[in-house]
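Before any comments, here is the structure.
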């Protein structure tokens, strides 16, 4: 089996670390069996040579092995809405707002998230600001999914082995393979996913990684204005896995009868501002927040196979917002999480 030194040499020579070797290497890193210096060197080497689909798939497989799983009985219309973050756009939590709308329209959501690292407000930060208890056990998350159709999995609770890697990542302070592994390692094993990424190259890579990991319907998006969401301010690159086949294409707001609007008005300074904008969208206040949430929730409903198309999904999302069902879903979710305090 490959040694850490051999793995580093491969990276320096821009050669691939093969699947079984990567499994072995990642298990060692996750268990703290490789020194911090060597682990940091390998993570840097992988980034410089550019991680391959095979390397990312193997690394994600190991993270899933080490995760505390969430028990879910009914997996139909079950979807994760997640972003890699790191897009530098500092917008409000669009995917978190979209989760309540999609759930109100019939999807089941298993959202996997954390506190903000590069963003002003991570999904965990805004959910806490809304009154959600994020410190649930895997069993309690499963119960929330049963009761409300939504589960939020706070990453540190579900990935305890990351404690061996966290200090290394923090000291390095640069992007590593772990930045793209989070969205691939849903502890509830959601078979469908809407994933936003921070770089156009990742669209084709991540959708093919999801294919290798056995996803059913995966939609990976990158807004050409730099957003890790479906954008209103520019075209969005899409990688879609459906029925075992991968397609890559572009979508535009106008395709769905939406006006192209700059995302500048979506920027926030902290979790409190993000909460206010999220509530605007859910309570049907006309404006860009409501429009971008309708677009992303609609795409999530298509990914969850609740809607036949993104257009159909947007229509369902708008209905969920206008009827008050999305706001009620948020209130229901807050109550469900608070019962475990």
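Positions of Cβ are set from backbone N, Cα and C atoms, glycine also.
In Swiss-Prot this protein carries:
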type: BINDING; residues: 83, 86-87, 91, 93-96, 111-119, 123; note: 5-phospho-alpha-D-ribose 1-diphosphate binding site
type: BINDING; residues: 83, 114; note: anthranilate 1 binding site
type: BINDING; residues: 95, 229; note: Mg(2+) 1 binding site
type: BINDING; residues: 169; note: anthranilate 2 binding site
type: BINDING; residues: 228, 229; note: Mg(2+) 2 binding site
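Note: the CA-CA distance between residue 95 (5-phospho-alpha-D-ribose 1-diphosphate binding site) and residue 229 (Mg(2+) 1 binding site) rounds to 8 Å. Inclusion criterion for the binding-site residues 114, 169, 228, 229: a C-alpha placed within 10 angstroms of the C-alpha of residue 83 (5-phospho-alpha-D-ribose 1-diphosphate binding site); this criterion is met by 228, 229.
DSSP classifies residue 228 (Mg(2+) 2 binding site) as coil under the three-state reduction. Checking each of the binding-site residues 114, 169, 228 against residue 91 (5-phospho-alpha-D-ribose 1-diphosphate binding site) by C-alpha distance, the shortest gap belongs to 228. Long-range Cβ neighbours of residue 114 (anthranilate 1 binding site) (same chain, at least 6 residues apart, Cβ-Cβ under 8 Å): 122, 123, 124, 154, 155, 156, 182.
Residue pair residue 169 (anthranilate 2 binding site) / residue 228 (Mg(2+) 2 binding site) shows a Cα separation of 21 Å. Of the recorded residues, residue 229 (Mg(2+) 1 binding site) and residue 112 (5-phospho-alpha-D-ribose 1-diphosphate binding site) place their C-alpha atoms 16 Å from one another. In three-state terms derived from DSSP, residue 112 (5-phospho-alpha-D-ribose 1-diphosphate binding site) belongs to an extended strand segment.
Secondary structure at residue 95 (5-phospho-alpha-D-ribose 1-diphosphate binding site), taken from DSSP and collapsed to helix, strand or coil, is helix. A straight line from the CA of residue 228 (Mg(2+) 2 binding site) to the CA of residue 112 (5-phospho-alpha-D-ribose 1-diphosphate binding site) spans 15 Å. Look at the Cβ of each of the binding-site residues 112, 115, 169 and count the other Cβ atoms within 10 Å; the largest number goes with 112. Over all protein chains present, the Cβ of residue 228 (Mg(2+) 2 binding site) has 28 other Cβ atoms lying within 10 Å.
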